[in-house]
Amino acid sequence: MNYLADTIAAIATAPGRGGVGVIRLSGRNLLPLAGQLSGGRQPRPRHALYTDFVASDGQAIDSGLLLYFPAPHSFTGEDVLELQGHGGPVILRMLLARCLELGARLAEPGEFTKRAFLNDKMDLVEAESVADLIDAQSETAARSALKSLKGAFSAEIHRLVDTLIDLRMLTEATLDFPEEDDVEWLEKADALGRLAAVRRQLATVLATARQGAILREGMHVVLVGQPNVGKSSLMNALAGDEIAIVTDIAGTTRDTVREQIVLDGVPLHIIDTAGLRETTDTVERIGIERTWQAVERADVVLLLVDGRDGVTAADAAILARLPERLPRVFVHNKIDLTGETAGVSEEDGHVVVRLSARGGAGVDALRQVLLEAVGWQGESEGLFLARERHLDAIRRAEAELEAAGQAYGLAAELFAEHLRQAQACLSEITGEFSADDLLGVIFSRFCIGK
């Protein structure tokens, strides 16, 4: 049995109550099914038909709009039906059950978009952008996801692939004429110059993709320090709300407290943690263990110190335990008590921000430091969202092109092979060269109905 030949159905609107709910179906030859749903009425392509949706006994389940999009001019490339009824969960479940009764099966997560991909209605980057647009955590991320959905990222990759194909054709032509000297032929065609040009182009795309990945993923910022240095106050200041409990009692925060904010379109996942100290309190010790677990998953660590005490031996011990790979920022808090001036400086190779978490002085400067620490350049125009798998594929293509440069002059066969591998890496991004298990992972993360 051809699994993709099944008619699939799902509720396409978000769970809960609403004014309108949508059931989506996709498959082959859906007009007979549409007639059974509507009591014998036949919808015209791309025209809304107001009708009752009827059960097997002819009783109305609901009334609403029936829309029919015949293949191949539909979202999935197959016949598509949309039932727009009232948005109550019970009604929608009854309508979905009726569709399943008529021979459809329940769609898997992302199966509508997967069929669109398999039917060449969109490439893999555009398909992923559907999920990214739904999951966007800021306006900037949503706009960038829409650019990817409209093909901006794919166009960049296709330009790179086309350039590599031209260079491969040139190189492989030398292999077809063994009487010609390989190196001399490639020098005449400026193959090395063309390789340098495509490497520059790839570096530009990688830089843009990194920015897009920051927009999509955001970053995890963990606040660490001794008890009562102002971690919870700083979290509240960054969030602009009273998220964490603040008292003068050391050890008030005993577990991780999480909050998400958006800075310049970038989602920041801020994690306040238990104060780090030696303790016999069982609950507090569990909180301290969770602090170190959060640090391991962080993108940036803020090490808070009490500005009145400066960096103590206990602070130095915390610093020594932080993973080397992690960007860290020293935050000297409580300048309202020390009389210091708010601002950013570099001391002993560390970025230091002096601020008052309670008064707010210097907090804006810290926000800018956080964006710089994660590599955000603040320019969202022209950005497209990217995923870690995209960055990995581009980096591997970059390595293959570097190897091609090293192979130049040694053997045209080796030079051509590295170009081919680079092209294959880039083609993974758009799905022109992808393993079935990769496709399964990607589409399984979509919501039902997409």
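Using the three backbone atoms N, Cα and C, a Cβ is placed for every residue, glycine included.
Since this is a predicted model, take the numbers as computed values, not measurements.
What Swiss-Prot records for this protein:
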BINDING   Arg24, Glu82, Lys121, Lys450  (6S)-5-formyl-5,6,7,8-tetrahydrofolate binding site
BINDING   228-233, 247-253, 272-275, 356-358  GTP binding site
BINDING   Asn228, Thr247, Ile249, Thr252  K(+) binding site
BINDING   Ser232, Thr253  Mg(2+) binding site
DOMAIN    218-375  domain 'TrmE-type G'
* Based on Cβ atoms within 10 Å, give me the single least packed residue among the binding-site residues Asn228, Ser232. => Asn228
* Protein Cβ atoms within 10 Å of Lys121 ((6S)-5-formyl-5,6,7,8-tetrahydrofolate binding site), excluding its own -> 18
* Structure fact -> Model confidence for the domain 'TrmE-type G' (218-375), as mean pLDDT, reads 79
* Asked: For Lys121 ((6S)-5-formyl-5,6,7,8-tetrahydrofolate binding site), what is the secondary structure by DSSP, using just helix, strand and coil?
  -> coil
* To do: Select one residue from Arg24, Lys231: among these binding-site residues, choose the one with the most other Cβ atoms within 10 Å of its Cβ.
  => Lys231
* Asked: Can you tell me how far the Cα of Ala357 (GTP binding site) sits from the Cα of Ser232 (Mg(2+) binding site), in Å?
  -> 9
* Structure fact -> Same-chain residues at least 6 positions away from Glu82 ((6S)-5-formyl-5,6,7,8-tetrahydrofolate binding site) with a Cβ under 8 Å from its Cβ, in sequence order, are Ala12, Val22, Ile23, Arg24, Leu25, Leu65, Leu66, Leu67, Phe69
* Cα-Cα separation of Asn228 (GTP binding site) and Lys121 ((6S)-5-formyl-5,6,7,8-tetrahydrofolate binding site), in Å? -> 57
* To do: Between Ser232 (Mg(2+) binding site) and Lys121 ((6S)-5-formyl-5,6,7,8-tetrahydrofolate binding site), find the distance joining the two CA atoms and give it rounded to the nearest Å.
  => 49
* **Residue pair Lys231 (GTP binding site), Lys121 ((6S)-5-formyl-5,6,7,8-tetrahydrofolate binding site) - Cα distance, angstrom, rounded** => 50
* Structure fact -> Ala357 (GTP binding site) has its Cβ surrounded, within 10 angstroms, by a count of other Cβ atoms equal to 26
